Every structure is written in C-alpha cells, then in structure tokens.
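Structure, as structure tokens:
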Amino acid sequence: MSEILLLLHPTVVTEESLVESAKSGLSGKFPEASLTQHIIDRIANDMVELPSSHFDHIHYVNPNKSHLSIPPSVMAKLFASLKNGGELSGDLPKDQDLDVLMNGFIVKDDGSWSKPAPVSTVLLRKKKPAETAARKMPTFKKPVSSPVTLTDTSANNTDAEDDLSMKRKLDSTKLAYFSDDSSGEEDDLIDENELIADSHKFNVNIVVPKKCELPNGKKRKKACKDCTCGLKELEEQEEQATRNLQDTLLGKMAQSATLEAIKIEERLKKSQVQFSAQDLTEIDFTVEGKTGGCSSCALGDAFRCDGCPYLGLPPFKPGEVVTLDSFGEDI
C-alpha cells in the first residue's frame, strides 16, 4: 500500500470544497493508498515531524497563486520524508529551481519534483597493455683493453665508429622502452564526454533571480549591507528625489515669506502715523494749561489710567516740570 501526504496551505482551511476536490483526485489516482493530511506551517515550525522515507507521493494545495514560494528548510524536510523515486506535485513555485536542485530534487517536464533513486557506482578497471615478449636488458659493449701499439695515422679511426654505433643502440633501446609505457598510459585515459548521456546534455534550466519586491502591495524590505541586486541604488535614488522635492518646497516657502514681509513693510510705510506738534503737546504736562486725555494725571495714581506714563509718581501741579530730583526728599 502506498503512502500519500496531502500538504495544505493555511488559506485552504476555509475552502472545504478545494480540499475535498484534492482528496477525490488523489483517491482516483491512488485507489488503495493511505492518505495523510498536514498543514505546511506546522511542518515549517517543527510542530509536526514527518517520518523519514515514508511517503510515495506528496501533493501540495495552495490557492494563493501570487505567493507559491516554499522555504528551502521545508523542501529539505519533504525530500527526507519521500521514498526513493517519490514525487512532489501540486501548486509548486516556478522560480525556485535552484533551491529545488540544491535540496536534491529533480524538476520534471510537467513541473513536478521527484526524488531520484541512488545510482550504484561502477568502477572502471585499468586496462592492461597487451603482453609482449619479455624485453631484454640493454647490453653494453665493454671496450677491450689492448696494449698500446704504434698505428698509422692515415688509417681510419675504428674506435669512433664503434662509439657511434653503441650510442645509436642505446637511443633505440630507450625509445622502445618509453614507447611501451606511453601506450599503456593512453589506454588509461577516459573521455569525460563519453560518461554523459545524450539526454542530459544541454538540459540546463536557467534560473532567473527574483526581484526584491513583495506581492499584494506589501512594503518592500530595506536593502542588505552588501546588496548586489540594485535595491540599494534604487533606495538612494528615491531618497535623493525626496530631498530635492523638500528643498524645492522649502525654497518656495522662504521666497513667499520674504515677499509677504516686503509687502507688509511697504503697507506700514504707507499707513505711517505722523503726530503734529499740537497733538504732542496735548499730553505734555510741562506746558501750562494742558491736561491729559483723562484730565487726572496730576492728581495721583488713584486717578491715573492703566497706561499712564506717570504711574508711581506723586501728584504734581499742571505745568510743573517733573524730575526725579524733586522727589529726592520723599524717597
């Protein structure tokens, strides 16, 4: 009896029809199988421990098509729970081929993942060279010592010819010896291309790196310290654009404030109040016969207004010059 694991995304719990449809499909495909059901979050948080090499097939149901990614740690747990040759199918991500391969899975043409069965290694034995006749050791001609005799210098030098022939024999012997060894070494060489099957050649899935952005309009994370995906440069451009906008707004505000201050100053200059000598003498108590607006400034603090400039001074007579020296005796 085969073991089947139905792996559910947390959002599937609210859709019972989708779960029942997945169960009926697995029952039709594996009629005599034992079905086990788990939620992927419980496996990711180690709340559920899957048995090792136990399931023949795992089916993953995830209705959230915009977020199908599976953490690499969960991939490793699912790989360990599958039997050799088992498959993982369902709503699987299409942009995590590198993580899938790193965890041991093989991506099939239909998009499912399979756990390959272990392959027994075959040792290639060293090919021995064909045995030939036993090689003889090289012989060397030992010159025979002879008594020194008088020779005719006009005759040919036979000793030089003998040395030359011996040297040629030695060279031919060395070449024969090393040529036999090199033939054996050539037999040991194995072409690497012959070890690769034709079906595996040029079958490479190009993995495109994911963009640094989240679906459903979620807030993007900050760039890493050693960011190489371009997110750091993008953030710097956004910050620079924000600074430029702020500088522009502040410049406009300062310019408008300056213009407004100039307008107010011009308005004040136009509406400046000018007092005549007659107006000024109306409140000058040094002039005889003049009194203040309240006509009681000379009577004392009890009769003076709140803003009277003579608050705190003793009563005086109208027309009298008020000085501090005149009150020195009272202090």
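Note: Cβ is positioned from N, Cα and C throughout, glycine not excepted.
According to Swiss-Prot:
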type	residues	note
BINDING	Cys212, Cys224, Cys227, Cys229	[2Fe-2S] cluster binding site
BINDING	Cys294, Cys297, Cys305, Cys308	[4Fe-4S] cluster binding site
COMPBIAS	146-158	compositional bias 'Polar residues'
REGION	1-146	region 'N-terminal SAM-like domain'
REGION	142-164	region 'Disordered'
REGION	212-229	region 'Fe-S binding site A'
MOTIF	294-297	motif 'Cx2C motif 1'
MOTIF	305-308	motif 'Cx2C motif 2'
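On the structure: features taken from Swiss-Prot.
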| residue | record | DSSP class |
| --- | --- | --- |
| Cys224 | [2Fe-2S] cluster binding site | coil |
| Cys229 | [2Fe-2S] cluster binding site | coil |
| Cys297 | [4Fe-4S] cluster binding site | helix |
| Cys305 | [4Fe-4S] cluster binding site | coil |
Model confidence over the motif 'Cx2C motif 1' (294-297), averaged pLDDT: 71
Neighbouring C-beta atoms (10 Å sphere around the C-beta of Cys229 ([2Fe-2S] cluster binding site)): 13
Among Cys224, Cys227, Cys229, which are recorded as binding-site residues, the nearest neighbour of Cys297 ([4Fe-4S] cluster binding site) by Cα: Cys224
Cβ packing number for Cys308 ([4Fe-4S] cluster binding site), 10 Å threshold: 17
Position of peak Cβ density within 10 Å, selected from the binding-site residues Cys224, Cys227, Cys297, Cys305: Cys297
Rounded to the nearest Å - Cα separation of Cys227 ([2Fe-2S] cluster binding site) and Cys308 ([4Fe-4S] cluster binding site): 74
